[in-house]
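The structure appears below as structure tokens.
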Amino acid sequence: PNAPMTRVQAVVALVNGLALGNGRSESLLVYSDRAQIPSYAIEPVAVATERQIVVGYPDPYTLRPLEPITRAETTALVHQALVAADKTPRILSPFIVEADTAAPNFIDLPAQHWARDFIDPLVQKGWLSGFRDGSFQPDAPMTRAQFAALLAGAFSPEPKRPAVRFRDVPDDFWAAAVIQKAYRAKFISGFPDLTFDPNFPLTKLQALLALVSGLALRSVSTPEARSLSRYTDATTIPSYATSAISTATQLGLVFNYPTLTELRPNRSASRAEVSAMVYRALVLAGTMPPIPSPYQVLLD
């Protein structure tokens with residue numbers, strides 16, 4: 001306990017404690033000594049850089065990750081973490097590291113991809129990232145852990161219920177903190193046997209239920225039957241979920257690609273679909289501008 005804390009340990013502690021999720025490894029290119037960053041700290045340091053938490057003196061672009069952190073540096077880091085959490089106003093400083101937040105050109109995400117306009121802003125904010133090979137894998141399933149990280153980053157939700165210990169989410173699991181954050185905010189839940197299945201693919205139904213529940217969305221006056229009539233496979237929606245899916249439909253949260261009338265609620269949700277749904281939820285929250293899409297289900 002009396003050993004000096006290193007700069008990288010302080011950054012990792014703040015990112016994990018605030019459940020900020022993961023960042024893009026490309027963000028580390030701003031540091032001249034990035035090769036010294038331990039492997040376990042790459043993604044936390046990346047997201048801290050993207051959220052402008054990292055402060056470097058006298059040279060902001062020399063991270064010095066393994067050096068002991070000073071009291072002054074600790075104070076600056078904590079202040080910037082509070083700024084990232086919207087707990088204190090921003091201040092100007094030439095020593096705050098600014099990353100290049102332009103969305104990367106993923107090798108498998110062409111400009112004409114149906115979800116590109118939804119994905120780019122989430123990546124720019126550091127809430128979503130690609131893979132080390134330069135791909136985004138838009139058609140791949142999103143895991144429940146990845147979804148929790150996206151929710152925690154995009155909405156910074158306040159807790160609404162006590163934490164729970166999931167048997168299959170150890171404390172050192174990369175998404176343990178964000179899973180708890182999303183769970184406590186009532187976005188997502190585990191299973192009756194106290195498991196979470198963090199690496200299991202998220203279903204489209206689960207994604208929509210999570211957004212409706214976590215954001216406490218309410219339907220408008222449109223009858224449920226009319227909302228669900230937009231789907232040729234409406235009979236595959238479980239009875240317990242019809243009200244929430246009706247609400248999601250009325251509020252424009254549902255995106256069906258490639259066939260607008262097929263919900264396919266019980267299949268795995270792709271990373272592209274989840275990106276579109278979360279972006280629309282941010283529009284409803286007033287934090288993103290609307291983007292039209294031919295694959296968004298809209299009521300007449």
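Note that Cβ sites are derived from N, Cα and C of the backbone, with glycine treated the same way.
Annotation source TrEMBL lists domain 'SLH' at 28-92 (among others). This prediction places the mean pLDDT of the domain 'SLH' (28-92) at 91.
Per DSSP, the domain 'SLH' (102-165) is made up of 21 helix, 2 strand, 41 coil. Annotation comment: TrEMBL describes 102-165 (among others) as domain 'SLH'.
Helix, strand and coil residue tallies for the domain 'SLH' (166-225), in that order: 22 helix, 2 strand, 36 coil [DSSP]. According to TrEMBL, the feature domain 'SLH' maps to 166-225 (among others).
Summarising the annotation, TrEMBL assigns domain 'SLH' to 228-292 (among others).
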